[in-house]
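What Swiss-Prot records for this protein:
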SIGNAL    1-27  signal peptide
REGION    27-349  region 'SGNH hydrolase-like domain'
DISULFID  CYS46-CYS232  disulfide bond
ACT_SITE  ASP177  active site
ACT_SITE  HIS179  active site, proton acceptor
ACT_SITE  SER271  active site, nucleophile
DISULFID  CYS349-CYS466  disulfide bond
REGION    350-480  region 'CBM domain'
Amino acid sequence: MKTHNSKWIGPAALAAAIALAAAGVRAEETPTGLPVYRAESCCDLCPAAADPNSYTSNYMKGFVTLVQGNESDWLFRTNEDLRTEFGTTPEGYRQLKALHDAFKSRGVELVIVYQPTRGMVQRNKLLPADYARFDYDKAVRNFRATLKHFEQLGYWVPDLTPLTDEKVEPAFYFRGDHHWTSYGAERSARIVAETVKEIPAFADIPRKEFVTKKMGRMGKRGTHHRVAGQLCNTTYAFEHSDQFFTEPKGEGGGDLFGDSSLPQITLVGTSHSGTNYNFAGFLSEYMGAEILNVAFPGSGLEGSMLKYLASDEFQKNPPKILIWEFSPLYDLAEDKFYRQALSMLGNACEGEKTLLAGKATLRPGEAGKEVLINGAGRLVEATNSRHQVDIRFSDPSVKKLEGTIWYMTGRREKFQFDKPVTTETNGRFAFNMRDEADWGGLNFFAMEIQPPEGLKEPVEVEVRLCKRHDYHAPANLTARSGN
């Protein structure tokens, strides 16, 4: 399994003892004489936690409103962890179908790993009043209906609902964080692996045995705990959980692969798929196949997907199977994601005939510059529904694109596309022109681009407009019910 390097915690005993004691953690003697540290319950939520108006920043609004579990350090978000509605809008499902068909045209089978919520999995940790108020049966019913809808669009969809209402330890989720623990990742990977094995393309993927080993302990000050601390001026102890790594059986250290070939299965997703929780490793062990893990912290729904689609790894050697992990909190109807993904999946304007091109130098403190004009040299037909743009900055660290598009009718569109700040980027943005509702028939006139935020030196920007890709799945590709 190819992954990024991970860090794990193994502090000196004295330093650890001091730090843990300061965080409300006590040590108990064991028969071996070695101390075992246990976090004591910390805090009760204050009245501000129950007031949605207390959650003032955009980040904090994602935690409205925190409620305390039957142990004080178990916290839940009522809007997200205790939700009973899932899925997306008709437009969101239409976009998901288009994305599936585009991947299918490249010979890629897509697997959606849709995580059950913390409330569905850990409802036994709720206080009696919240336990009674949370409509678990409705949540599971709607969750399964969403999985079925994904499947009808052509995706392969493992059903993780057997993991709900768990009463086993170690827990699936952290007490005070939205991430799953390594144990939650492992239990999910078992189910996902069985679905992947059903895909006909999996039969042609080389097999390899993997083994998973414990590598130490991970310390986490959870997202729920941090927000509660801001609201109530409290400090929760670090929560510790086992951390694992996976390697080919019989091989230790060195090259994890033994060869330089790319795996034929790729994992994209949120920070849940990052190396901290070893989800990719567990998948490799249970599938018996290598995985290219391109997920990274801070990726969100689309970050690792878009970065991977723009990479040489995907463009020159697309995988046979792409596993896409995300949670229900993300908006699957977000048009900006699909506009970028459907453009980059075909490498945007690379290899396509350029209809319009322009360049400009953007300088700190200056206003935006017009970089592309239809009719300056020649007038071309450039309706939104049939075209895309490919934009490249000379500085690869640019992570935000802002600008305005004008149309022949006089209408205009302000646009903004962002990349995660937690990963290296290449300065390239590409997207299909806006085509929903009455936008599709508009004809492009001009584009203005703003200097990037925090710009200190002049930067060059080049823009190309070309026809968008027309994805038609070849008939000889494996079909599945709903395809």
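Glycine is treated like the rest: Cβ placed from N, Cα and C.
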In the region 'CBM domain' (350-480), how many residues does DSSP assign to helix, to strand and to coil? 6 helix, 58 strand, 67 coil
Between ASP177 (active site) and the residue listed as 'active site, nucleophile', how many Å separate their Cα atoms? 12
So ASP177 (active site), by the Cβ count within 10 Å over all chains shown, scores 19
Cα-nearest neighbour of CYS349 (disulfide bond) within the listed recorded positions, CYS46, CYS232, SER271: SER271
Return the member of HIS179, SER271, CYS466 nearest to CYS232 (disulfide bond) in space, with distance defined Cα to Cα and candidates limited to these recorded positions. HIS179
Cα proximity to SER271 (active site, nucleophile), best match among recorded positions CYS46, HIS179, CYS466: HIS179
CYS466 (disulfide bond) to the residue listed as 'active site, proton acceptor': how many Å between their Cα atoms? 41
Please report how many Å separate the Cα atom of the residue listed as 'active site, proton acceptor' from that of CYS46 (disulfide bond), as a whole number. 24
Just to confirm my parser: what is the rounded mean pLDDT across the region 'CBM domain' (350-480)? 93
When DSSP is mapped onto helix/strand/coil, what comes out for CYS232 (disulfide bond)? helix
Using DSSP and three states only, what is CYS349 (disulfide bond)? coil
Which residue, of the disulfide-bonded residues CYS46, CYS232, CYS349, CYS466, has its CB surrounded by the fewest other CB atoms within 10 A? CYS46
Min neighbour Cβ count (10 Å) across active-site residues HIS179, SER271 flags SER271
Going by DSSP, give the three-state secondary structure for the residue listed as 'active site, nucleophile'. helix
